[in-house]
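Asker: Below are the structure tokens for one structure; questions will follow.
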Amino acid sequence: MNGSPPNNMETKERANATVAKLLESSHSPKPASTHDVEKAEPEIGTTVHLQRRLQSRHLQMIAIGGTIGTGLFIGSGGALANAGPAGALIAYAFVGTLVYSVMVALGEMATYIPISGAFTAYAARFVDPSKTDYCYWSPDLNIGIFIGVFWAVITAINFLPVSFYGEVEFYFASIKVLTVVGFLIFGICIDAGAGQNGYLGFHTWNRPGAFAEHIVENNPSLAKFVGFWAVLIQAGFSYQGTELVAIAAGETMNPRKTVPAAIKKTFYRILLFFVGAIFFIGLLVPYDNQDLLNGTTDAASSPFVIAAKLAGVPVLPSLINAVLLTVVLSAANSNVYSGSRILVGLANERFAPRALTLTTNGGVPYVAVAFTSAFGLLGFMNESSSGGTVFNWLVNITGVAGFISWTCIGIAHIAFMRALEARGVSRDTLPYKAMGQPWFTWYGVGFNILIILTQGFTSFMPWSTSNFFVAYVSLILFVVLYVGHKLVFRTKFVKAIEADLDTGRTEIDEMYFEEVVPTTWYGKIGHWLLG
């Protein structure tokens, strides 16, 4: 979206005044200490109080680990049961394109202005300030013991310097990647005839079929479409977490090189890990398998485990159970990290208490980490009989909130491009230029909104008031909070010519990052794989 500055003289004068004001603030003296909120107030949008200690390999694995989770290892079984092998494959591939549209949009903004808080700050700057259980232990032990131990460990990790978080997440993600790659190789071998059932080929696509009928009766075509649409929603939940790349941009060395590298490889990882896994699951497991339909959420219902059982490999369930434990710990670790950094970004933009910006000497926002990790104590609700009900509500709130976040990212990117045009900045000059813009972002925004509005369609088949509120409580909360903030604070939509494109960007322009070029063959291979 290239363009020239507006011709209107008054608009030019306003633009010049805006730029001058921004430049003046960017060159103002920095506070003596960013660790004492009483002595120094952090500058809006800056990242100086956080330290850039995440390396390229950390960011690459954060990008992978953010997407591979229980949605793939467990949830994919439900997707296969609802839509069939072809329906699930198409659904995951389609939602993968939506994810990629979000990632390239976010990447364009995060490389140009790599600040803490990421997309929450972008929405405030460019659009509107108002817009911003798996067990692998003895069943005789009380579950509260493990909740407490894991909570303490995850909290402790996040109180350490961010480089330590990066190392932990690097190894967590490595385990997940090796598991998926191993399953892909396993799938090729079993389908080619290495299992107890001999050559399989595409037999599951013929019997019981390529598409499954879901909910609707006496109308096979509509029932197959309903199954496909239900999996679109489920696939979206599986993909959520890719935004971690942009959130980590504020603590990454040389973000203008490492962030684009992670973004560019996201699409290929989506194809390999998600679409590839769903494809082989559909070849090895028929969608009417009873283990898929038992409604449990443990390793026994994982299509990875079911495929191994059908092939006559009984040892795999224990391995998958161990991997699931790693997946859950990785998710908790990432959630504390991302939640605390988003709070820092909100505080920087004056939408949260300033105390959340307090950091240790190692650059860790300890107040934000403590506040975020405190919500982990809700895990002790599993000790009560109603814990499961409350948990389902929380899962739905956070799940749909992911789609809302993706939509806000897309809207912020559209506004970002308009701000660039208004200032006469060509997108060709950006550190990372997203493809097919602005149409690719509009594509993502449109379908994300459609999924948000229709994700609770099963509550109408037949009508269920309880299911309706479970499905739409997150959307209702978003609308109430957004409208409430606008009414109380009387905020206005940000005009393109007045959008802040400088704060947090000039800081990176003045930094120098030493680039280490590998010289050994194994070093070059590692650099190609991990950035």
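Yeah, the Cβs are placed from backbone N, Cα and C, and that goes for glycine too.
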Asker: Among 200-223, 440-463, find the range that TrEMBL records as transmembrane segment.
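Answerer: It is 440-463 that TrEMBL describes as transmembrane segment.
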Asker: Out of 61-80, 86-106, 393-420, 440-463, 469-489, which stretch has the largest tally of CB pairs under 8 angstroms to the transmembrane segment (307-332)?
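Answerer: Looking at each of 61-80, 86-106, 393-420, 440-463, 469-489 in turn, the most contacts to the transmembrane segment (307-332) are made by 61-80.
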Asker: Per DSSP, what is the residue count of the domain 'Amino acid permease/ SLC12A' (58-130) in each of helix, strand and coil?
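Answerer: Its residues divide into 59 helix, 0 strand, 14 coil.
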Asker: What stretch in 170-190, 363-381, 393-420, 440-463 has the biggest tally of Cβ pairs under 8 Å against the transmembrane segment (469-489)?
Answerer: 393-420
